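The structure appears right after this line, and notes come after that.
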Amino acid sequence: MEIRAEEISQIIREQIKDYEKQVELSETGRVLSVGDGIARVYGVEKCMSMELLEFPTEHGVVYGLALNLEEDNVGVAIMGEDIHIKEGSEVKRTGRIASVPVGDAVLGRIIDSVGNPVDGKGPIEAKEFSRVEVIAPGVIARQSVNEPMYTGLKAIDAMTPVGRGQRELIIGDRQIGKTAIAVDTIINQKDSGIICIYVAVGQKKSTVAQVVETLRKHGAMDYTIVVAANASDPAALQYIAPYAGCAMGEYYRDKGRHALIIYDDLSKQAAAYRQVSLLLRRPPAREAYPGDIFYNHSRLLERAAKLNAELGGGSLTALPIIETQAGDVSAYIPTNVISITDGQIYLEPNLFFAGVRPAINVGLSVSRVGGAAQTKAMKQVAGRLRLDLAQYRELEAFAKFGSDLDKATQAQLNRGMRMTELLKQPQYQPMPAEREVMSLYAGTRGHLDNIPVEKVLEFEKEMLSFVDRKYPEILSEIKEKKIISEELDGKMKKALEEFAGVFQA
């Protein structure tokens, strides 16, 4: 057998010619230590802040978020189970900053903080992704809030109105209806074209399921995205959930559309951030929160804005929720968020247990946007309401002493009692703006003064259905023209007088 060298070299040349090797370069490191959802990683020198790192384990890939970039190691918050990550395990850089899917593909879905679906409806076919952390629009990019965003709750729309692009805080103790206000507001956006994002942070899965079921029952899931970071999820996921939800809302804001985001609640997000920060050995400040906790909330809430006309005039409205302990509004996190937002709706346990629901304390609740977020019609009926109720609260305290009251004081007390009753509203029954105007008109113009207090809500319900039947043009004119002209005022007065005769008969 003869071996031909040139034949062999020819075969080798042909083999080499067809060989294509793809070189894949990835910067890797090693885990120095791991525990409590935090890993210290060595070797990923070009790692960026907020970059996703991959931890390959025998049970699949776990992702982590690079938070501390130190001289000799990187502090990583692990966004999943850390029990399979061992000391000395390999870590890979992804080169990607944390981002989430955005757009209409996410509507009606329940997702976690990193954009994975958790509703069992299959993968999300998103065409666009957006970074979780982006810089808020600058001063020139914005315009002042000038358009109402109705909550459907008479007490809020009349006295602490919310405008598109505003940040209005909902604050109060546990279990007094903070989430109920947020859910009612979402339900009320049904025909407004506003996309809603509900961010649940640190809540029980059963609570989130209940909210989702309520939204589904009222047909609100068609225009709502739910971002859930439950109580059992790692602190890192709870910390970035509001930013993830905000990125989804910004997509609509930047497209010239309108979005509403609810953070339920930022107290739990602050606690999660405190946990992560302390485990990363960042120095603690007041109440053991890290020094940048104010910045953490301000950079999130500043992303809610009303953009100017050149940028499409879109808006993102934020309703952050803060839970207080025994009504202490002067604690660290509540004071921080109050100073960042454009007003607050303060809910009070005493009112809640007295049956005033929504339990809004009129004196402590404000909207720093105010009349700019109201239509002319709403301003006309609600102008005196806040003052009347504040005076009623003062007089009520005096009336308890049982001293003889003059007629004017007695009349004011009677009006206040009826207005307080009129502002009560059952849960999941938001009211269109034109019906709110009609209802408040009846109260502020004295048409309820002779009605017994316990019959006020019955009067309101029957009066609105009477107007629907006999005078539908009143409601349609309020809706279209957004102002109560002298002619319309006369019609409204006539309708109410006619109904009062029927109601008492």
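Using the three backbone atoms N, Cα and C, a Cβ is placed for every residue, glycine included.
As annotated by Swiss-Prot, ATP binding site applies to G172, D173, R174, Q175, I176, G177, K178, T179, with the evidence given as sequence analysis. If you look up Swiss-Prot, you'll see S365 marked as site 'Required for activity', on the strength of sequence analysis.
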Shell of the ATP site beyond G172, D173, R174, Q175, I176, G177, K178, T179, same chain only (C-beta within 8 angstroms of their C-beta centre): E323, L347, F352
Most Cβ neighbours inside 10 Å, all chains, among the binding-site residues R174, K178: K178
Number of other Cβ atoms within 10 Å of the Cβ of Q175 (ATP binding site) across all protein chains: 10
Integer Cα-Cα distance in angstrom, R174 (ATP binding site) to S365 (site 'Required for activity'): 17
Rounded distance in angstrom between the Cα atoms of D173 (ATP binding site) and S365 (site 'Required for activity'): 15
Pairwise Cα distance for S365 (site 'Required for activity')/G172 (ATP binding site) [Å, integer]: 11
Surrounding CB atoms that lie within 10 Å of the CB of I176 (ATP binding site), all protein chains: 21
CB contacts for G177 (ATP binding site) [other CB atoms within 10 A, all chains]: 19
Coarse DSSP state, helix versus strand versus coil, of G172 (ATP binding site): strand
